[in-house]
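Here's the structure, in structure tokens; my notes come after.
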Amino acid sequence: MLIPIPALNDNYIWVYKRENLSVIVIDIPEIAALSQFIQAQNLVIGALLITHNHRDHIGALAEFKQFYPHVHIYGPAECADQGVTQVIDAGRLIIDEYHIDVLPTGGHTAQHLSFLIDGHLFCGDTLFSAGCGRVFTGDYSQMFTSLQLLKSLPDETIVCPAHEYTLGNLAFALTTGKNKSAVQKQLEKVKKLRAENKPSLPTTLALEKQINPFLQVESLDEFIELRKAKDVF
């Protein structure tokens, strides 16, 4: 089971479940939509994973702890004072029978983490469909390195970003002149999905390599120029 639960204006709370196992939840911008889904599906939460410390990813952490006081909450050191029960760094995390690769994807924030579970990449605000996150408390070199790391994953990796930014990102991607036919084709597909109030996500790494200009840059300088152009688009 892989479910993107809409939250706030354009966030997704990702819920992942393997058969006969508990649920893994990624980020918690608000509690109502998640708790309603968990109750309706009669599910048990095994863990909450936090990608970074921005409010639209941890805003309901205190409420989550009230609803689910026995659930462990894992997150980066930048979330240590926000209510996580276990601070983690890059490496391997084992929860129930889930073997989770914790990836260092700083750039958007300095200690941003991404999580790879059974070929599903939960990448927070590092990689979006056709785009990437802004650089805030991290730096451009970090973000470029993080994107190169994610780009090196298998093409069949299912990519689960935290925001529904795809339409705007595709509009910008068209202006770069890279793979315009593939970008235009995906833009038309996403327009139809969004008109039906359906998510454009998840995506795949194979598709992102075709339509995402930030995965096509070959140098840090090129990345910085592109990221600054997107910042004012």
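Quick reminder: no glycine exception, Cβ is built from N, Cα and C everywhere.
Features as listed in Swiss-Prot:
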- HIS52, HIS54, HIS108, ASP125: Zn(2+) 1 binding site (BINDING)
- ASP56, HIS57, ASP125, HIS163: Zn(2+) 2 binding site (BINDING)
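Where Swiss-Prot records a feature, it is marked here on the structure.
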{"residue": "HIS52", "record": "Zn(2+) 1 binding site", "DSSP (3 states)": "coil"}
{"residue": "HIS57", "record": "Zn(2+) 2 binding site", "DSSP (3 states)": "helix"}
{"residue": "HIS108", "record": "Zn(2+) 1 binding site", "DSSP (3 states)": "coil"}
{"residue": "ASP125", "record": "Zn(2+) 1 binding site", "DSSP (3 states)": "coil"}
{"residue": "HIS163", "record": "Zn(2+) 2 binding site", "DSSP (3 states)": "strand"}
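Each residue contributes its Cα atom, and for HIS108 (Zn(2+) 1 binding site) and ASP56 (Zn(2+) 2 binding site) these two points are 13 Å apart. Listed in chain order, the extra residues whose Cβ falls within 8 Å of the Cβ center of the Zn(2+) 1 site residues HIS52, HIS54, HIS108, ASP125 are THR51, ASN53, HIS57, THR109, HIS112, GLY124, THR126, GLY133, PHE136, ALA162.
Ranking the binding-site residues HIS57, HIS108, HIS163 by C-beta neighbours within 10 Å puts HIS57 at the top.
Candidate binding-site residues: ASP56, ASP125. Fewest other C-beta atoms within 10 angstroms, ASP56. Here the binding-site residues are HIS52, HIS54, and the one with the most other Cβ atoms within 10 Å of its Cβ is HIS52. Separation of the C-alpha atoms of HIS52 (Zn(2+) 1 binding site) and HIS163 (Zn(2+) 2 binding site): 14 Å, rounded to the nearest whole number.
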